[in-house]
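In what follows, a structure is listed as C-alpha cells, so that the remarks can point back to it.
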Amino acid sequence: MSPESHHLTTNSSSIQGSPEGIRGRDNEFPPPPFELPESIVSRKASQSAMSEAVAMSKSPGLIRRISNRASQFTNRRRQSSTTAMSRDHSTGPVIMRRRSDSTSTAPEGRGALFSDSDSDINGDYLREEPLEPSSGVDGGRDYPSTTASIGSSLLVSSSPGLGPVIPSILRQGTILTKVSKKKKKLWTFVLEHEAAKVSWDKNRPYKSFYIDDIKDIRVGADARNYRQEFGVPSADESKFFSIVYAVPDKSKGRGQQKVMHLVAGDEQTFDLWTTTLDAISRHRKDLIMSLSSFRDQALENWWRNEMNKVFHDTPHSEDEETIDRAGVERLCHSIHIHGSLANLHAKFDKAVVSRTGHLNFAEFQHFIKLLKRRDDVGPIYRELAADVHRGLTSHEFLGFLSDIQEEDVSADPAHWEGVFNKYSRHLKTREPTPADAPDDEPRMNEAALSRYFISSFNAPLRAAPTRYVLDRPMNEYFISSSHNTYLLGRQVAGQSSVEAYISALAQGCRCVEVDCWNGNDGQPVVMHGRTLTSQVSFRDVMSTISKYAFAKSPYPLWISLEVHCNPAQQAWMAAIIKETCGSKLVTGPLDGLPTEQLPSPSQLMNRILIKVKKPRLSEDAAMVDQPNGRTRGSSLSSPYIRPQQLDSSTISAGLLPPSPYPGRSTRLMSRAQLRYNGSEGQESLSSSTSDSESGTDEVRRPMESSRKNRTSNIVKALGELGVYSAGLKFQGFDSAASKAYNHVFSFSEKTFDGNSKTPEEMRAVTRHNMRYMMRVYPSAWRVASTNFDPLRYWRRGVQMTALNWQTYDLGMQLNDAMFAGGQDQSGYVLKPIDLREIKMIKNVPTEAGDGHTKRERKTINFSIDVISAQQLMRPSPKALAPTRSVDPYVEVEVYHGDDKGKESTSGLGNPHRRRTHIVQENGFNPIFDKKFNFSLTTKYPELVFVKWTVRCSSDGHSQNDKAPVLATYTAKLSGLNQGYRTLPLFDGNGDRFLFSTLFCRVKIEALTSTYINGPESAHERESRFRTIRQTVFNRTPLSPKPSIDSGSP
C-alpha cells in the first residue's frame, strides 16, 4: 500500500446515516484548514474571464430542466464528454442534496458574503445549526454519509493548511467489481482528484460521476438489501458498498439519481474508497462555503497557494507577491460570482492604492471588503441606530426585534440578549471624547447586523415548539402524503427503488404508497404494473420503510397498499409486514379510546398503520368472478392499455354522514346517471386501487397479465391490518359502510373533480371529511408524473392529498410549504376550523347586515418587500447563452384556497402576481428594493401561499413566463416570520443552493372579517326565479294572461 494512504483527513467525517444514531468517529479529528484545489490555482493567467464564465456556467448545481417530450421518455441522452469536462474545474458544490434544513435560513457563512474575522464566524457557524432537529438520516445533515462505522486505522490528520490527502493507489486506480442485476464485471476505478470525479472507463468519459453529486454511501447492514438482491455472498458484506448519486443533465424532477453497487477486493480497499470519498465531499463543501463567505483563513490559503504557483519556492520578498485582474477574476468565477466585469474592475481599481495594476496582500484584503459589503443592509442599519458610528445598542436591537421582526422577546429575554451579545462588540472610537470615555456598552455595527440577518436566529419560518401535542382525531389533520412513492422517475418508465422511500421519509412524508404485484418466485414485488418501470422486492421495501419510518417525524406513518397479488402472495405480504414492522405495527384498536372515533396522532406516535381494502366476506365470494369497476392495473396505470368499458351506474346521492351537530343532516340531490366509456380514459367513481377495487387475482407476472383480471379478493390476514384505515368501494354517502368510523375513500383527481361540481356535492364531500378519511391521487394519465394543485383538495378537507414527490413542480412546492414550518414539520397540519366543524351563527353580527344568510370570510392584507438577492447561479447554457449576462428579476405569486379562479388551463389557478424591475448584469448582489401590497378575501386564511421565483431576462429588458428560472422559494403565509428575513432558494429539483438567497421584508396585518351572501337552497332559487318571472312578464303562474299578451297588432 502506498505510504500516502495513512495520511487521509476525514474532516470530522462520520460514515453514518442510520436512524439508530451517529456512530463512528465524528469527533476524533478536527476539520482541516482549507486548500484551494490545484485545478483553480494552476490555470493560465491569460485565460479570459469570459471563457471562465462559460466553463463555470455548466456547473452541476445549476438548475436542471424538466422535459416532458415523449421522445425522451425511454431514450436518455448520455452526458457528452464536453459537458463532463466543463465540470472538471469546479471548486465545489453549489447545492445541498438534502431539504432537511429548508425551515431555516443559511447558517452563518453560507450565502453571506461578509465577515469581519474568522474568530467571529467560525465559532458562530459551529453553533448555528438549522432549527430543525437532526435525526441521523438526512435530517439536519447536509454531507454525504454512509450508514455504518468504518475502521480508523487509515485516518490521521493531514498537514496544516491542506485538505484531504488522496492515497496514490486510488489515483492510480484499483480493481472493483461493479454489480448489477444483469452481470458482475471487474473495472479499474480511478479517483481523479483535480476533477473531483470517479471514472472507470478511460475510453468513455461519460462512465464517471462527480463527487459533488454523491448523496449517500451505504455500507454494512444498510446496503444489505442491495447485496442480497444482486446475489452477493454474505461473506462479502464487509467489502460491499453502494454509492447513491444524482444524475446531472438527465434529471426530470426531484430525486433523480442512480445507485452504483461495488465490491472491493479486500477490506482495506473498501475503507480507502468509502472514507476518501466522504472526506473529499465534506472538504469541497466546506471549501466552497468558506471561499464564498470570504473567510479570512480560506482567502489567506488561496493567496498562499496562488503565490506558490507563481514563485515555485523561489526566494522572494512579500512586496513581490501581487495578483492582477485576471487572478481576481479567476477567484470570483470559481466561487460562482456572476456580476458585471465593470463593477468588479471598479472595485479592483479602488483597492489598488499603489496604482501598479496589481494587488498586494493588504490591498487584496481591502478589495475583498469592498466586494463583500452589502449596500442593502446599510439603509436599515442607519434607520435603527441612533449613532451609526458607535452601533446598535441592546435596547435598540431588542426594540427592532419586537417592533419590526415581531419576535416575542419578552417570552425569553435571556435568549435574545445572548443573540445580541453574540454579534456585538465593545467598540472604541479613534478619538474618544470625555463623554464617550466611560461608555463601554457593547454595540452591533453594520457588519454584525448583516451577519444576524443571515443567521439561523433570523429564520424565515417559525420554529417547531420544543414540545407539542397533536390531540385531535386523525381525520382533522392534513397528512403529508406520497403517490407512487417507489418511483424515482416517471410512472411510465421510471425506476423503482427503496431510495425513493428513504428520500420521502427523510423529508417528512407520513403516508407512502406501495403497489404490490405477484413475483416470479412466489414473493410479492413492488412496481407500477403494465409499464416499463423496474421492480423491487416487497420485503426490501417494507424493511426500508420500517427502518426509516420515523427518521424525520415521530408521528404515525400510513402505508397505503395497492394489492394486485393472488391470495397466496397476499398471505406473504401480511407475514412480511408483521415481521418487518414488529411492535410498531398497529394490529388492533388502541385500548381505552372511545369507540367510533379515530385516535389522535399523538396517541399513535412511532406507530405504523396499514391502509388496505377491507377483506371480502365469505358470502361475497361469488362476486369475485364479476368485473366490478376498473382496476388501476388494467385500465389507468398506462394509457397504452385500453380500459375496460363499464356499465352505466347511478351514483348514490343519499344521506350525508351523521353530523356531530344534532339536527344538521342534509340530503344530497340525486344526479343523472354517469356513463364512463373506457375508451375515453375516464375514471369511475371508486376508491383508490389501494383500498377499493384494489388489484387483480393474478397468478402471472404483471407485464404478462391480460386485461381480464378480476377484482382482488383481499385475504383476511392482510385485510385485518387495516385497523384504522379500511378501504371501501364508494357506494354513496348514505350507505351503511360509509358511516364506519375507520373507513377510507380514495379517488383519482378526475373522479373527485367530476363528482364535486355542484354546491351540494361540494358540501357533501366537505362534511364527509369532517368525520372520515379520504385520499385523492393524481390521474394515471399524468405520464410524466406531474402534480395537480393540492389546494383543490385541501379546501374540501381531504386529509391525504397524495402527490408525485419525484417531480418538483408547483404542486409539490405547495405541499412542501404546507408541511415546512413550526409543528407542521410533523407531517400533520390541523385543518381550518371550517373544515372540522359546521359553524352555526345564530346571531349574525350587525356588520353582516339584515337576514341570516351571510357567511363570514377573512380579509388578509400583507406586504412583501423584495430587497435584494445574493449570489445567484447561472442557468444552464441551454436556457441562457454563455455570452449573455445574468439579468435577474423577482416574481412574487400568491395562491390561496378560495374556489374562484381555479379553472385556468394550467389547473393551478390564477395567482396574484407581481414582478420587480430587471437588474442588469448582476447575479451577485442585485438590489430590487420593491414593495408589493396584497389584499385578498378567503374562507381559509390558513391556506394562503407565497411563491418567490427568481428569473433571468433573456435579453436584459423583457419579462415573461418563459424566462429562465434561476431559483424558487415557496412558503405558507401563516408560517412566515415577519420583518427582514433571508429566504433560502431552491433549484428545479428541490435542492437547496448553498449560498443563493433572497432578502425580503414581510409584514402581515391582523385579519378582518367580511360577510358575504350564503349559498341559496333549491327552494330559495325557485322563489327567486318566480319573482323574476313576475317582474319581467308582470304575471303570476296562476293568473290568466292579460289582454295585452293576446298578440293584437
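Every residue gets a Cβ built from N, Cα and C, even glycine.
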Where TrEMBL places region 'Disordered' among the ranges 307-330, 619-642, 907-930: 619-642
Helix-strand-coil residue split for the domain 'C2' (843-987), DSSP-based: 9 helix, 69 strand, 67 coil
Helix, strand and coil counts within the domain 'PI-PLC Y-box' (718-836) (DSSP): 45 helix, 20 strand, 54 coil
Mean of the pLDDT scores, which run from 0 to 100, over the domain 'PI-PLC Y-box' (718-836): 92
